[in-house]
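A quick write-up on the structure given underneath.
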4 protein chains.
Amino acid sequence: MKILVTGFDPFGGESVNPAYEAVKRLDDNIAGAEIVKVEIPTVFGKSINKLDEAIEKENPDIVICVGQAGGRFDITVERVAINISDASIEDNEGNMPIDEPIFEDGESAYFSQLPIKAMVQKIREGGIPASVSNTAGTYVCNHIMYGLHYLIDKKYQNIKGGFIHVPFLPEQVIDKRATPSMNLNDIVKALTLAIEAVVENKEDIKMPEGKTH
Amino acid sequence: MKILVTGFDPFGGESVNPAYEAVKRLDDNIAGAEIVKVEIPTVFGKSINKLDEAIEKENPDIVICVGQAGGRFDITVERVAINISDASIEDNEGNMPIDEPIFEDGESAYFSQLPIKAMVQKIREGGIPASVSNTAGTYVCNHIMYGLHYLIDKKYQNIKGGFIHVPFLPEQVIDKRATPSMNLNDIVKALTLAIEAVVENKEDIKMPEGKTH
Amino acid sequence: MKILVTGFDPFGGESVNPAYEAVKRLDDNIAGAEIVKVEIPTVFGKSINKLDEAIEKENPDIVICVGQAGGRFDITVERVAINISDASIEDNEGNMPIDEPIFEDGESAYFSQLPIKAMVQKIREGGIPASVSNTAGTYVCNHIMYGLHYLIDKKYQNIKGGFIHVPFLPEQVIDKRATPSMNLNDIVKALTLAIEAVVENKEDIKMPEGKTH
Amino acid sequence: MKILVTGFDPFGGESVNPAYEAVKRLDDNIAGAEIVKVEIPTVFGKSINKLDEAIEKENPDIVICVGQAGGRFDITVERVAINISDASIEDNEGNMPIDEPIFEDGESAYFSQLPIKAMVQKIREGGIPASVSNTAGTYVCNHIMYGLHYLIDKKYQNIKGGFIHVPFLPEQVIDKRATPSMNLNDIVKALTLAIEAVVENKEDIKMPEGKTH
């Protein structure tokens, strides 16, 4: 089994992105699966093209994209991506789309085909807080997650895909008041556990992980 | 123009639901539109049936459902509903669906057709904090919003619909530490302003209101 | 009985201060006590001089100072003021003391002589969230609370004093993300209830209201 | 130079206390100072007796007590301890004092004599978020910090003392929603840096670190 894992480059004034920092530290083999790592630019459109090229080249069985969710307390496995881009800040090439569909001929949303609750449970068993998230936002993270599933839907129907959001690193919150963070080693461990859960679980487990809002 | 506004009954151990408390205090006429108010049970399935009956009976031009989002700081106008129910607590009749689609033949998600950003802007101009939300959760609020749009899609194609989440009332947070709340009069005012924006704006305005995650 | 209630003017870039906005709306008679209201400048030193003049002129039995605590969720009755000024922003006349004692010959701290828990309980019974706070910060709010008790200790030993912090108003948080607020009417009601509790309770009540940190 | 560092045992339903977990992992020599580590029971009264015995036995130059502040985002160096115990939960022997002075003949408050801002700055330079706190609460943490300074005032006048609060560990927040945590290695590193700052700085540095409330 081959798993492609992507992480974004820094954006929004940060000098580091915990997503790719963690991704590049992953072992090359996790639970018997070969891990291929790619850095993706935080740019609307171009990020999806880069992902498409990487899938074409690597022919993976699974694709997991990883992004920074500054302000979140825990590792969040995303459930769904929606067909809209609505930026509150410019991306790394100055784009700032407002309420634009990502693909006119795509579904209104795509649900992850990964075992998201098994991933959350496995991370928690490893002593790291995690939960299912029902929104990946409307910026480049949602964009790449939607793009990934659009590509799967249209071109790569044997692939399964998903997205994981990770918190700020401690060093990123020194000048931010009352903002949670997570150690890089813990993020690497959590991603590793999530990948193990993906390898181990063909079907997702049933456990309540919903949110009232 | 006739606008049907619904609010849920109390759930999750609360003795009051700010949603219907506010809805029932709305004027019967707002910006020239007739306002019809209906209380909806916080019950999977039954809530959608009740809504369907009300639409059938009232034949409104617009339907706005209102629900409680305990823990949120401001009035949130929902952008999208997703085709899944995943309860973390039982509804008012003991149902607790885990990862079940709401309608097998529905879209993966429905976007609100209301001018959500104009609604947010109008509420803010009235001095009340508001924002666009990209998740209505996976409980009965998302369920009714999804159900509303499913009904619109399948049966009532001339109707436009949307969903607004409101915070706890001050009296609800007395025993909850560090939990935001909003005065009932402010919620009523915010809903009134949102309805005015719906009447005044056929198309939504363009302003950045997205979230990075 | 005569009660002097003070509120600060706006500071820190805000155009309004909910403290004096609420104070000036208080009834002139609460629970039989005459209420005298004075606005105090958000300025180190000068605020205490202004307070001293007002006490001299009005000869009150009780003095309650009120200030804004932007970011707090509820009405907080302060337990203690400490003998230090440590400003993170300039006051309204450009002063920014760092780690300076307020009065060299004062106690290290003064505890409020008001029935702080009875005040909290009374506010809660009125449906408004409230709690005891163990820090008034190190800015002008702590400064005036400390100054008040220093004046009581040195000059006005028959007076009892205390301090109440109030949240932002809704209109102040429109541009601030995830920041709690409270309706002005609720703040006025809470202050009124707190004053009633002061009139009604010579001794404080015993109830657990401490914090582990 | 000899530095006595204490950490509390678990309380409040937790199975672990990050304070002593971190303290016991400290090097035996930091910046040339000998480090002596003692576990202290989370018990009113008894904790101060245990501390007194340890000081008597070890004759340290510096005493730093460390406690858990569940819910705080960063390492907080405490500025002041106040002469009151007000418990919201029972201690580990069932005591729950309400509004009782710690020592009748003590000051109303004691300020730490350690270079608290230099400690904060040093921790931040190490990439870990930290700040000065102006309240150690009213539970056993404030109690031991107050007791330490009372002992210094009455018996051990050549000793300097202080208190550091540390966040929950990641494993402690798995079942707590939206609660920050910090990796144990980061806590150990932060305490080490704080101790280095204590050794290096006879006088505290001047930098704004105050809070408006």
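For all residues, glycine too, the Cβ spot is worked out from N, Cα and C.
Features reported for this protein in TrEMBL:
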type	residues	note
ACT_SITE	A:E78	active site
ACT_SITE	A:C141	active site
ACT_SITE	A:H165	active site
Practice problem: Tell me the Cβ neighbour count for A:H165 (active site), meaning other Cβ atoms within 10 Å of its Cβ, over all protein chains shown. | Solution: 26
Quiz item: Taking the Cα atoms as reference points, how far is A:H165 (active site) from A:C141 (active site) in Å?
Solution: 8
Practice problem: Measure from the CA atom of A:C141 (active site) to the CA atom of A:E78 (active site) and give the result in Å, rounded to a whole number. | Solution: 10
Quiz prompt | Neighbouring C-beta atoms (10 Å sphere around the C-beta of A:E78 (active site)) | solution = 26
Quiz prompt | In three-state DSSP terms, the structure that A:C141 (active site) belongs to | solution = helix
Quiz item: What does DSSP assign A:E78 (active site), in three states?
Solution: strand
Quiz item: Around A:C141 (active site), how many other C-beta atoms are within 10 angstroms of its C-beta?
Solution: 29
